[in-house]
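Notes for the one structure printed next.
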Amino acid sequence: MSNPSLLILPGDGIGPEVMAEVRKIIGWFGDKRGLNFDVSEDLVGGAAYDVHGVPLADETMAKAQEADAVLLGAVGGPKYDDLDFSVKPERGLLRLRKEMDLFSNLRPAQCFDALADFSSLKKDIVAGLDIMIVRELTSGVYFGEPRGIFEEGNERVGINTQRYTESEIERVARSAFELAMRRSKKLCSMEKANVMESGILWREVVTRVAKDYPEVELSHMYADNGAMQLVRAPKQFDVILTDNLFGDILSDCAAMLTGSLGMLPSASLGAPMANGRPKALYEPVHGSAPDIAGQGKANPIACILSFAMALRYSFDQGAEADRLEAAVEQVLADGVRTADLLGTEGVTPVSTTEMGAAILAKLDASL
């Protein structure tokens, strides 16, 4: 039986630095746990533009379509600001999402106890927080037609169209319910059914899909109230399902409850392939951070936790994902911190590679 395949796309800025630490951890799982991957590496974003003149080569896209999972570092940087929109680094990432049809975006917001003081909210509100936001990623107002800026009478008008089909809602809803079954069997769907027809349809479809998951406790909430509740009492939620626009806003809101974007992974999942695994792209939430690139200051944890998500959702290795996540939590509990997490007494400042080494040491200790 062949090893599962993993395509690595380090990208730009701090991407190569944080990905280097992930490569070491991938190697550890092969050496110590017999969990081997066929790993290949290619270019994306500005790095691809510098070589190929496009932010994602066709050959790389083909590799991504064939891989069991894709792990991406970060894309973009000021060097590419003046490029035509069609070849900006971010277009490489957008092409991956579009052509792989990655419709279900998973954004965890977990607050490690050791970092609760970094949240802008009181410690007792966020300590132990563990939310998963499932955002529909390929439809809705960002993609609906008609769209554009047009002349109408004596002035211009900007138009965007919120559009969802039943099938688009159903597939992301099923993704969220399946996820809820893995977790606490609790799901809150957020929309604006009080003022938007797309929200009415969304609620109807989600309610219908819920009948196939009787073990999951389903609730509905208007998205504006959901944003307020995320700040007021975030631990009332477990899995949150929402559309593209509201998911964009709510996931960023939830992210800041945790204290640092350098900690947050994400997954974008598509339909199952022939082998039963979903097409999948994993990436940290943070950007390319060109201001600290090459200085050893980058926090590799978000990228490492993105690999943990790949272990869980693409490779059915939930126990090994737990092992890796526990190693990260133990390192943080020991007071080991990269530059983005300094600011409290009794911590040990470390570089990117030192953080990776500390996590590897905890993995060794877990055996």
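Glycine residues also receive a Cβ, built from the backbone N, Cα and C atoms like all the rest.
Here is what Swiss-Prot says about this protein:
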- 77-90, 287-299: NAD(+) binding site (BINDING)
- ARG97, ARG107, ARG135, ASP224: substrate binding site (BINDING)
- TYR142: site 'Important for catalysis' (SITE)
- LYS192: site 'Important for catalysis' (SITE)
- ASP224, ASP248, ASP252: Mg(2+) binding site (BINDING)
Practice task
Give me the Cα-Cα distance between LYS297 (NAD(+) binding site) and ASP252 (Mg(2+) binding site), rounded to a whole Å.
Solution key: 23
Exercise for the section: For LYS192 (site 'Important for catalysis'), just count the other CB atoms lying within 10 A of its CB, please. Expected result: 21
Completion exercise
ASP224 (substrate binding site), Cβ-centred 10 Å count of other Cβ atoms over all protein chains shown, is 14
Handout entry: Any further residue of that chain within 8 Å (Cβ to the Cβ centroid of ASP224, ASP248, ASP252) of the recorded Mg(2+) site
Key = ALA223, ALA227, LEU245, PHE246, GLY247, ILE249, LEU250, SER251, CYS253
Problem - Cα proximity to PHE85 (NAD(+) binding site), best match among recorded positions ARG107, TYR142, LYS192, ASP248, ASP252 - result: TYR142
Completion exercise
If you rank the binding-site residues ALA289, ALA293 by how many other Cβ atoms lie within 10 Å of their Cβ, the lowest count goes to ALA293
Practice task
Specify the count of other C-beta atoms within 10 Å of the C-beta of PRO89 (NAD(+) binding site).
Solution key: 27
Handout entry: Shortest C-alpha distance to ASP248 (Mg(2+) binding site) - which of the binding-site residues ASP81, ARG97, ARG135, ASP224, ALA289
Key = ARG135
